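Engineer: Could you have a look at this structure, given as structure tokens, before my questions?
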């Protein structure tokens, strides 16, 4: 539960809720001191819930899924290899790689950058489209079914990586040379599968997200020759797991063989095949993602039109503050003929498109129910970015220019009135 309050009488309610939000008001800071989060005004709740709250829930869900996915991928790869060796106890990777580098180093940056920077829809669209927030209320981002699906994908990917790598070497996995080459190949394939699977969930592809993936790939490329030439501590019963001696000489053997590059290309693609088939089936059954994007765009435009109508009503009712007075003065200076022409054109457009608006609204809810209100499965989101990112920036710039010009004109009018007096 979410508890929101701005006074001392709301302290008990805020403490009783799972998450408490306190608002600094005229009654003091008692609510803020007892809350988990504090904001300055009620209007900040829109950004807090519809933008940051929704993004936080969606990002953390993928963070948990992917953490299980990459760890299960590494563990099950070693398990499938133990089945190939008849549970003989032969290690596929040295312990320092299996316990540290594979799960905590080679895939750490992308999954840390994703929860911080990824955005499926622009902030202004999420803020003006409350329908997108319904997915969080329904708790459809994080479910046990989705978690089990990610684990099943990891098991399939581990099986593909192990058997593709083993049979591509065309040698027995019991031989020392083949085992060392297999260790490097499976390590590269597991890392590639993890990067590719996370790429399906990234929407915005910011500079930080691209850099995180590129940095991990470059680190893996640079670290592989080090493992091939550096022995580390002399292996004995105490530090055998911290030695790379079993991987000596694998760099020239693997990277001079075309089989290594072919396996590194095919294995990750086949490993993420369930996700590809799921997306293809979804598009084939329900159509492309353009319908969802158009529906969200329509709701965003309707919200903007509603805000403009509210501003017009505020001007017609009379100025309540200085900003409204400036806008009203600017409106009165316009010709009545232009205002009536604009009003009649808007009325004609509204009269011609009621059925289209209703159909769009129905289509939106059909798409929301179809996708469970989730945008994270959409492969492309560029249409929404192109449609709203630049126009909204331009609209904000024009609005600031309009405010500056009207403020200057109002100040000039006041000076003229003072001179007349």
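Placed from the backbone N, Cα and C atoms, the Cβ positions cover glycine too.
As listed in TrEMBL for this protein:
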COMPBIAS  329-359  compositional bias 'Basic and acidic residues'
COMPBIAS  401-411  compositional bias 'Low complexity'
DOMAIN    32-283  domain 'P-type ATPase C-terminal'
REGION    307-359  region 'Disordered'
REGION    391-421  region 'Disordered'
TRANSMEM  60-81  transmembrane segment
TRANSMEM  93-117  transmembrane segment
TRANSMEM  147-167  transmembrane segment
TRANSMEM  179-198  transmembrane segment
TRANSMEM  210-230  transmembrane segment
TRANSMEM  258-278  transmembrane segment
Engineer: Take the transmembrane segment (179-198) and find every residue of the same chain, 6 or more past its ends, with a Cβ under 8 Å from one of its Cβ atoms.
Structural biologist: 66, 69-70, 73-74, 77, 81, 90, 92-94, 97, 102, 106-107, 110-111, 114, 153, 157-158, 161-162, 164-166, 168-169, 173, 213, 216-217, 220, 224, 227-228, 246-251, 253-254, 260, 263-264, 267-269, 271-272, 275
Engineer: Counting only CB pairs under 8 A, let me know which of 60-81, 93-117, 210-230, 258-278 has the most with the transmembrane segment (147-167).
Structural biologist: 60-81
Engineer: Please give the sequence-distant neighbours of the transmembrane segment (258-278): residues at least 6 beyond its ends with Cβ less than 8 Å from one of its Cβ atoms.
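Structural biologist: Sequence-distant neighbours of the transmembrane segment (258-278): 152-153, 156-157, 160-161, 164-165, 168-170, 185, 188-189, 192-193, 196-197, 200.
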Engineer: Given the model, what does the mean pLDDT over the domain 'P-type ATPase C-terminal' (32-283) come out as?
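Structural biologist: Mean model confidence (pLDDT) across the domain 'P-type ATPase C-terminal' (32-283) is 85.
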